[in-house]
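Reading through the structure tokens given below for one structure.
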Amino acid sequence: MSKKPRQIAFYGKGGIGKSTTSQNTLAQLATTFGQKIMIVGCDPKADSTRLILNTKAQQTVLHLAAELGSVEDLELEDVVATGFGGILCVESGGPEPGVGCAGRGIITSINFLEEQGAYDGMDFISYDVLGDVVCGGFAMPIRENKAQEIYIVCSGEMMAMYAANNIARGILKYAQSGSVRLGGLICNSRKTDREDELITELARRLNTQMIHFVPRDNVVQHAELRRMTVTQYNPEHPQANEYKQLADKILHNEKLTIPTPIEMDELEQLLIDFGVVEDEETAIKKLEAAGH
């Protein structure tokens, strides 16, 4: 009986750098730590595997199934591509905008992969999931007990933290009946004030850890323009070492918790305490001063 792979998922609001962070981290898990990895992209943008495959968007399960007639007509080799570090890549895809539910594509894809034995022999299955909305579809890797460990990519910006708290709420809902747990917050820095302290404090309140603080560096964008991870583009760069540290922490992470999401009032007060947003009194005083 082969060991079961660890099923992890990266969630985070759109534009936070979730796919970039996950691919850079997984590249290190594969190359430095010798882990066998499959990425299952669950974002309708289908960009969860671009930096591993060094290509534009990969053909998706839903698109290929539609071309052939149904998922039953697909073969595993039609949808699985091998990229940097031997990482296997699949994009579930999504429907045309305004039609249907993207979550259905995720469900269809994961069921197909499991039935075809795609997960056999893997150390990690990684789901890359849009996280602004934890609707039924996007919550599917959590809800169906597929993903066991959730990592939330966030920053010190208000909307990123708001999304992180919402995702924690979604995890809590399913953690009580299933085995899904929160593995930690990954701070993908936007260089906002006191960001490290702020996310550490948010993590504490959510009953988790800030597993790593990823500093902002232009080399990430330079690598992205070439459709590469930093590890492939410039393995000696200090930023590659940041992703190596994060990969190591995930590999050895034993702090898997049931989160304690906070109320909106508490989140807003936290942002005021750290100076991210002003309280009304300060804002009014500033406006009055500007008016004189």
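Glycine residues also receive a Cβ, built from the backbone N, Cα and C atoms like all the rest.
Here is what Swiss-Prot says about this protein:
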- GLY12, LYS13, GLY14, GLY15, ILE16, GLY17, LYS18, SER19: ATP binding site (BINDING)
- CYS101, CYS135: [4Fe-4S] cluster binding site (BINDING)
- ARG104: ADP-ribosylarginine (MOD_RES)
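In three-state terms derived from DSSP, SER19 (ATP binding site) belongs to a helical segment.
DSSP assigns ARG104 (ADP-ribosylarginine) to a helix in the three-state reduction. Per-site Cβ counts within 10 Å over the binding-site residues GLY12, GLY14, GLY17 peak at GLY12. Considering only the binding-site residues LYS13, GLY15, ILE16, the Cβ with the fewest other Cβ atoms within 10 Å is that of GLY15. With the fewest other Cβ atoms inside 10 Å of its Cβ, the least crowded of the recorded positions LYS18, ARG104 in this structure is ARG104. In this structure, the CA atom of GLY15 (ATP binding site) is 23 Å away from the CA atom of ARG104 (ADP-ribosylarginine).
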